[in-house]
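Asks: Take a look at this one; I'll ask things after.
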Amino acid sequence: MHKLLILYATQTGNALDAAERLSRLAERRGCLVFLLSLDQYDPSLLPQEEAVIFVVSTTGQGDTPDSMKVFWRYLLQRNLGQHWLKGVHYAVFGLGDSSYQKYNFVAKKLEKRLLDLGGTAIVERGLGDDQHPSGYEASLDPWMSSLWRMLNMIKPEFLSNGPDVVIEDTVLIDQPKVRITYHSIENVESHFSSASDLTSLNIQIGSARSMHPGKSSSDRSRPDSFLKTVKNLPLTRLNSGKDVRHFEFEFVSNALEYETGDVLEILPGQDSAAVDAFIQRCNLDPDSFITVSPREMDDQNAHHSSIPVKLKTFVQFSMDVDSASPRRYFFEVMRFFATAEHERERLQYFGSPEGRDDLYQYNQRERRTVLEVLDDFPAVQMPFEWLVQLVPPLKTRAFSISSAQSVHPNQVHLTVNVVSWTTPYKRKKKGLCSSWLAALDPRDGIYVPAWFHKGSLPTPSPSLPLILVGPGTGCAPFRGFIEERALQSRTNSTAPVIFFFGCRNEDGDFLYRDFWLSHSQNKGVLSEAKGGGFYVAFSRDQPQKVYVQHKMREHRQRIWNLLAEGAAVYVAGSSTKMPADVTSTFEEIVSKENDVSREDAARWIRALEKCGKYHVEAWS
């Protein structure tokens with residue numbers, strides 16, 4: 001039988017959601033489907049495939065998701081000729097955000113490479129946009145219709161039920177992908193009885209997260225270490241419109257080594273009352289011990305592969321019940337477990353093409369949580385297997401580290417913007433992780449599960465001149481850079497550093513004001529006496545807005561002189577317009593100071609990027 005291969009690369013889960021939807025709809029058309037993450041697939045087998053659909057997201061500044069990196073490197077090998085994929089039919093759907101400069105860059109470059117290697121496109125690539133009022137699904141639905149139609153024309157043997165099959169709505173044809181096994185308490189206690197509190201917590205988090213079906217194969221389920229809060233200090237003035245905090249954590253378990261520019265991921269604690277409300281709403285027993293395994297795994301393997309955990313522990317550490325919005329498929333499955341006619345009708349409408357926009361407004365735009373949705377449909381009673389499969393996984397949140405370990409040996413510092421907003425229907429919402437961190441009291445001794453990894457900002461050597469641009473919380477990694485360089489400058493000569501910082505008001509949100517000013521005076525590493533400089537743009541302290549780009553233009557000659565001396569550029573902060581505007585300003589400066597065309601200046605900056613001297617770390 002002919003198989004359709006669907007390969008996906010996801011960072012936040014949307015590409016997986018889209019790929020699973022494609023898979024379900026292909027199966028309903030009589031197609032045999034293999035669905036795999038790109039890091040689970042051997043790229044050398046690609047020439048043997050008949051038809052492949054790629055669903056890939058673009059992250060950060062045009063970056064490939066982690067799960068795609070090895071696959072992409074393989075595809076870029078020069079020895080793969082222009083006929084390597086001859087006879088292979090492919091289709092590409094990309095997920096991106098048009099507010100970013102490199103919108104859907106990964107899907108675009110993947111399609112070009114597949115074409116260069118001799119592949120044949122089944123259908124024109126589809127590009128989903130987070131900025132669309134209906135999100136990426138606004139493009140996915142029409143793209144899928146074209147895909148089935150074209151696939152049926154090119155290879156009719158794939159879709160035995162035809163391209164336009166409609167399945168009766170009265171039966172749920174899918175099975176949950178997971179199986180829950182319940183365990184007696186006697187068989188479980190031994191795992192935890194002799195362990196210390198910290199070890200026991202580590203085992204419980206690791207077991208719960210490793211069993212969740214939404215776990216990426218590259219995830220490390222157990223935390224690298226546990227931290228405790230030493231300081232939680234506000235950096236912004238009350239009523240400034242922002243709440244930014246400085247956190248200092250100490251290692252409670254083993255102190256891990258990290259470098260400036262690294263990233264710390266934190267697993268946020270969920271509100272215990274919300275977890276209890278979810279368990280009660282779904283008629284579950286919080287104290288039962290469970291393991292979760294893929295349905296296709298045999299009993300023997302399922303029984304031995306995981307350590308049982310309490311159901312409440314599993315929900316608490318792996319299921320996001322009170323912050324993330326459920327996916328569209330959640331509503332489709334809910335319909336089959338709705339016992340009230342009016343609820344079933346509403347859910348059926350949400351699942352239809354006509355109801356797609358209303359579902360997007362109700363769900364994603366309002367950021368409804370799983371708990372809120374279940375409360376809105378009280379007649380729905382979903383089996384726990386479906387809930388485990390469909391409730392979004394509880395994700396870690398990543399933060400740029402704002403300290404140098406050489407200065408704070410047993411500590412790690414973070415600069416966190418406490419997120420809150422009002423939805424279109426005037427509902428107050430808070431960011432799960434930042435609001436949880438903001439509520440931490442050093443006296444409570446709460447353990448913070450943490451993972452360390454490399455970010456986009458490599459640690460600079462002391463002899464490398466630096467041009468840093470970090471408005472708002474973008475200053476976080478550069479606080480670590482300056483701490484480290486100040487320490488290095490005590491014993492060795494160091495290269496100059498220029499830092500451009502931006503905020504709204506001098507007296508409202510000038511983050512780490514005293515720190516920067518102390519290093520920009522008395523021959524500090526940011527002082528002009530040392531060839532450096534510290535320049536601040538206050539955007540709202542005067543009638544006309546002033547941003548970091550304006551300050552860069554004011555000091556364009558100094559920027560060009562440092563660039564000519566081989567300086568590296570580091571940009572960090574909000575991912576919307578800032579990175580693109582800053583890049584454009586650098587191009588403008590190179591063009592004017594070097595007396596070259598704007599196109600040549602853009603090429604010059606791209607060359608800087610390629611040789612590892614232009615780095616961007618941006619977050620939304």
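A Cβ is built for glycine as well, from the same backbone N, Cα and C atoms used for every other residue.
Copying in the features that TrEMBL gives for the protein in this structure:
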type	residues	note
BINDING	10-15, 57-60, 95-104, D130	FMN binding site
BINDING	R367, R397, A398, F399, S400, G431, L432, C433, S434, W619	FAD binding site
BINDING	T473, S539, R540, K545, V546, Y547, V548, Q549, D581	NADP(+) binding site
DOMAIN	4-148	domain 'Flavodoxin-like'
DOMAIN	222-465	domain 'FAD-binding FR-type'
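Help me understand the surroundings of these features in the structure.
Replies: Taking Cβ-Cβ distances under 8 Å and a sequence gap of 6 or more within the same chain, the neighbours of Y100 (FMN binding site) are T58, Q61, G62, S575, T576, A580.
Of all the Cβ atoms in the protein chains shown, 21 others lie within 10 Å of the Cβ of S434 (FAD binding site).
Around the Cβ of R540 (NADP(+) binding site), the same chain contributes R504, N505, each under 8 angstroms and 6 or more positions distant in sequence.
Per-residue confidence over the domain 'Flavodoxin-like' (4-148) averages out at a pLDDT of 91.
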Asks: Work out how many Å separate A398 (FAD binding site) and G60 (FMN binding site) at their Cα atoms, rounded off.
Replies: 13
Asks: Given the binding-site residues T10, G13, S57, T473, find the one whose Cα is closest in space to the Cα of S434 (FAD binding site).
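Replies: Comparing Cα positions, the candidate nearest S434 (FAD binding site) turns out to be T473.
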Asks: Which ones, of the binding-site residues T10, D97, T473, have a Cα no more than 10 Å from the Cα of S400 (FAD binding site)?
Replies: T473
Asks: Please name the residue among the binding-site residues S57, S400 whose C-beta has the most neighbouring C-beta atoms within 10 angstroms.
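Replies: Buried the deepest by this measure is S57.
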Asks: Provide, as an integer number of angstrom, the distance between the C-alpha atoms of L432 (FAD binding site) and G13 (FMN binding site).
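Replies: Cα to Cα, L432 (FAD binding site) and G13 (FMN binding site) are separated by 17 Å.
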Asks: So of all those binding-site residues, T10, G13, S57, Y103, R367, which one's Cα sits nearest to V546 (NADP(+) binding site)?
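Replies: It is Y103, whose Cα lies nearest.
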Asks: Let me know the largest Cα to Cα distance in Å among the FAD-binding residues R367, R397, A398, F399, S400, G431, L432, C433, S434, W619, as an integer.
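Replies: Spelled out: the longest distance between any two Cα atoms in R367, R397, A398, F399, S400, G431, L432, C433, S434, W619 is 25 Å.
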Asks: Can you give me the Cα-Cα distance between G13 (FMN binding site) and R367 (FAD binding site) in Å, rounded to a whole number?
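Replies: It is 16 Å, counting Cα to Cα.
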Asks: Among all chains shown, work out which of the binding-site residues D97, D581 has the most CB atoms within 10 A of its CB.
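Replies: The residue with the most neighbouring Cβ atoms within 10 Å is D97.
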